[in-house]
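The feature domain 'GST N-terminal' is assigned by TrEMBL to B:1-81. Residues or ranges marked as domain 'GST C-terminal' in TrEMBL: B:86-203.
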There are 2 protein chains.
Amino acid sequence: MKLYDSKTAPNPRRTRIFLAEKGISVPTEQVDMMKMEHKTPEYTALNPLQRMPALVLDDGTIITESIAICRYFEVLQPEPPLFGVGAKEIAMVEMWNRRAELNLLFSVANVFRHSHPAMKELEVPQVPDWAEANKPRIVDFLRMLDAELKNRAFVAGDRFSVADITTLCAIDFMRPIRMPVPEECIHVKRWHGEVSARPSAKA
Amino acid sequence: MKLYDSKTAPNPRRTRIFLAEKGISVPTEQVDMMKMEHKTPEYTALNPLQRMPALVLDDGTIITESIAICRYFEVLQPEPPLFGVGAKEIAMVEMWNRRAELNLLFSVANVFRHSHPAMKELEVPQVPDWAEANKPRIVDFLRMLDAELKNRAFVAGDRFSVADITTLCAIDFMRPIRMPVPEECIHVKRWHGEVSARPSAKA
């Protein structure tokens, strides 16, 4: 199998951290998004949507979408569980992973894509008003998450999960849009320090 | 348990169709989003994000996000499987469900939220340029999906899955934004006729 990866983008990083937490290593090819390598005919043949990452299996099956690739490996190697175990925990991990995507990761990505000069040729048309509209959502969600993290270790419960991976990648992606975590979100900061110290965070 | 449902919105419909396909019936309370009932203090206590639907378990656990609720029931009652069976099918269902969300359902929702007069007080600020930017994405994705449905029965493969539910709810939500499925997408139209004829589509 081969993983098409891109070192600079938050979604491929989700898959890399997931694999590092599982202790799985996969042959990898780098695709430089800043050089538009994900728009070439070769990569478009793998993923017509021109998004990263993509996993090609030995039988030729192509899996795209970071979380779909993660789920593939969760079934192949269930330990340590990163999508939860049992109906209730599985539902809580799915809920918090989606909350972190819809309210945080996608909002940060929208600010980046619709306001950053580097995205001018990649996001057409850029809609600056949409970038602005997303900024308060980021702050609102981090405040909500802060109240949750006051009472538990990780985003979806007492165990590290894919919801922590999504939230970590989203918060670190706030650097290029120059938004800090609000000062008062001390529980988010505590959590961010802890998950950043895990070896997988360097993946 | 109790499901907080809203008859008019596409996300609660995903959960209703899922439950109908499983043959599961859950006590339900309607929340009228057009009357802002999802913004009341009572509902906000259930879901601070004020999104629908929400499932409250007998032990008080609250599960929000349509797909998280669906996953809860998939574990409790695996048959018929709607998230796939085995690593590869599970990954393909996740991939196509996410592709249908990110490129179709969320694009249709963005057009609706940012251009429909009924959403003026619910989506603040409305960004008309963002509504416009989403329209070509809908057409592009339906053309891509049409090429896929030429060669298989359902969105993610040979079996009906949650990816079909998401795609059906997205396409039917194109009615209030007055966008038809492009004439040339004959395979999408064939598929849409078939899934609309399933009893679950009326849920």
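Cβ coordinates come from backbone N, Cα and C, glycine included.
Please treat TrEMBL annotations as automatic predictions, because they have not gone through curation.
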Over the span of the domain 'GST N-terminal' (B:1-81), count residues by DSSP class, listing helix, strand and coil in order.
36 helix, 13 strand, 32 coil
So what's the average pLDDT for the domain 'GST N-terminal' (B:1-81)?
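Across the domain 'GST N-terminal' (B:1-81), the average pLDDT comes out at 96.
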I'd like the per-state residue tally for the domain 'GST C-terminal' (B:86-203) from DSSP, helix first, then strand, then coil.
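Residue counts in helix, strand and coil order: 80 helix, 2 strand, 36 coil.
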